[in-house]
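Below is one structure, written out as structure tokens, with a few remarks after it.
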Amino acid sequence: MNSLLKWALILFVLISVILNIVLISVYSGRAPKCSSQHLHPLQGKHDERSQVFADLSRDEYLQVQQYMLKQKDLDISTLQTTKPSQNFLFLIDLSLPKKADVLGYLDGKSSKPVREATAVVFHGTKGHIKEYVVGPLPNPVYHRDVTMEKYKKELPINARILPLIEYVLLFSFVEKEVFSKLVKLKKESFDIGQDNNLKAFYQMPPGVKSGDRKTWISFFRDLSGMYIHPVGFEVLVNHESVNTYDWRVERLLYNGQYFDTVEELKQKYDSGSVKKIVFKESRNYGSLKPQRKPLQLSPQQFYAEGKRFSVKNNHILYLDWSFAFGLSSLTGMRVFDVRFKGERIAYELSVQEAMSVYGSVTAGMILTKFLDSSMGIGRFAHELTRGVDCPYDATYIDTYRYIDMEAPTRYRNSICVFEHNMGQPLRRHFADFFHNSYGGMVNSALVFRTITAIGNYDYIWDFIFYQSGSVEAKVHASGYISSSYLVNGSLQFGHQVAENVLGNIHTHFINFKVDLDVLGVKNVFQTKDMEFVNMSLPWMPEHYAMIPHLTMSAPQEAALCYDKKTPRYLHIASNQTNRWGHQRSYRLQVVSFAGEHLPEKTLHPLVAITKHKDTEQTSSSLYSQNDIWSPAVDFSSFIEDNESIEDEDLVAWVTTGFLHIPHAEDIPNTVTVGNGGGVILRPHNYFDEDPSIQSADSVYISPGSEYSCENNRMACLAQDICSPVFEPFTYNSFEGPKSQRWAQKS
């Protein structure tokens, strides 16, 4: 027995030794884990003064809310069940300080500006809307009505956007006054009974003139991507009154035929004198569920030596760049105090408006113009999905908002920041003649991103910071197209994309605010272009050739419109010169395919240059959507005042966009490829040479140095390789804001 035990122990020891040798061999061949820390020091320091631009914190939102509730004379409610006839605290957002005060503070010449908030109240009891500035924060003790100061007029209550409670009341009204009386039609045409219902989408703006609140509501099947499942039924509701008992149905549209009353439609349907819609089961072609099982993971990006950028509070450092950031509930993404190599390039770069104009033969879309800042662009910035919306290893940032809800709501991972290989060299040259060499540089840039899902459309918003000193503001569109039921005449307004479904033609207009401060706030606007000149040749004067010539001007006209030839080089320039005697400037390079637009006051020229004014903070407003005819912010007044734009603090308002003629490939979803636009801010004689030549990412190879790491880190990549460390995947968006879940249940 002892001998048997002895041999068993020997065998166990041998097996253990062999296993350890195998494990050591396996793991010794594995790359070490990549560092999550900065292996190289940052090129700048975070600036606490950036918090002058910071979005309100959760505590600040609550402080403003509680202060407003204590003002008994305002008689405000914050409940989601607040009726339109009552007073509702709809929005709380940061009130930006005056630019001169902020610059004085940032440049160390004055004290920190007072921190304040804006509170928007729908005063249903009095029939108007008020905006209040509340401060100071934290611990507010005052509020003042700034409505007239900002808009030079009172804001009528019908200019308000629909709060969630009004959606609920409106659709309940239609159920009671329309569908409950059309049981037979509802069942035969749409297969709707007690256990299911249709989904509603309403037209904007609500009517044809200022003061109207008459909305065409279109109905869709309750399927994935409801927006592409129209059923051919629309109802016009007059809800101008804040009292629901005054609301009424004014018209109905069924299968391309109009009716004055529900009773008329019912009588004609029952008598068989209308062309009926016969329900037919169709596949759920709007589903985004994969139609085959994923087999292979797509390429992933990781940081071999730690991230080269840093986020602290609302301040970001990246190589030679630094900037502050925020996310407005109304206008969305914005950055401030943008500096390159320590010099301020821009005071503000921000999204202002996203507008789409539709064409249709059916009532629900024939006059539709969506102005998304009225709905709230930043309001719909939800959680970003790791590895899809942004690279898996991006840095994700939470935001808080207070708009049409009972309390401030946290939106997890709603902003992402990442450094990204843009897929092509920033610059390169291979010398094949005389001096053999290769010089190049990877185009690695910082991307600051959020994505907003506003109804059917998703917009991907990017601010991209390049090592050449350029900044790009860019948008791409995805999501579902808006559609209408196919009737006679529909094909003049789009293409058929599914059975009885028309994808409606529309344009996208995106407006950006570009407040460049080129070496200070005293700048001029310049244009440059090229024209062919029939020029005699110096050595043969009798011979002529068409030669490109540089043309330059300093126009005083503030607006460059779509219907006029626009110079291809647009500059905001300083009066200082570079080493070569040229004015140091930044160029506005607009990437747009928007084409013509309507001559309405809410729309913008391609580029407008105006003198900075604190009273012209935004190009649109919360109220433009529902009073497009008499907008609270009339952008045309920005450029009609004929003020001098020479040696002034200039702001460029840039409109970009594209035409979308929906086609079969927009089912189920519109892809981002080719659907976008933007503006690039490029240094133009601002430097004496390309600043990226100083980047450590530069590569240089000469004969004999092909494998040297001295000027080419790529040569040593195989030796330095490490394996990435990824955070576990999480997704919280389905928790959603309580207010939206409440509305869906209602």
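Glycine is no exception: its Cβ is also placed from the backbone N, Cα and C atoms.
Database features (TrEMBL):
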| type | residues | note |
| --- | --- | --- |
| TRANSMEM | 7-27 | transmembrane segment |
| DOMAIN | 70-140 | domain 'Copper amine oxidase N2-terminal' |
| DOMAIN | 185-256 | domain 'Copper amine oxidase N3-terminal' |
| DOMAIN | 300-693 | domain 'Copper amine oxidase catalytic' |
| ACT_SITE | D372 | active site, proton acceptor |
| MOD_RES | Y457 | 2',4',5'-topaquinone |
| ACT_SITE | Y457 | active site, schiff-base intermediate with substrate |
Might you list, by sequence position, any residue in that chain lying six or more from the residue listed as 'active site, proton acceptor' with a Cβ less than 8 Å away from its Cβ? E353, A354, M355, T452, I454
DSSP composition of the domain 'Copper amine oxidase N2-terminal' (70-140), residue counts helix/strand/coil, works out to 9 helix, 26 strand, 36 coil
DSSP assigns the residues of the domain 'Copper amine oxidase N3-terminal' (185-256) as 12 helix, 27 strand, 33 coil
I'd like the Cβ neighbour count for Y457 (2',4',5'-topaquinone), meaning other Cβ atoms within 10 Å of its Cβ, all protein chains included. 23
Overall pLDDT of the domain 'Copper amine oxidase catalytic' (300-693), taken as the mean: 93
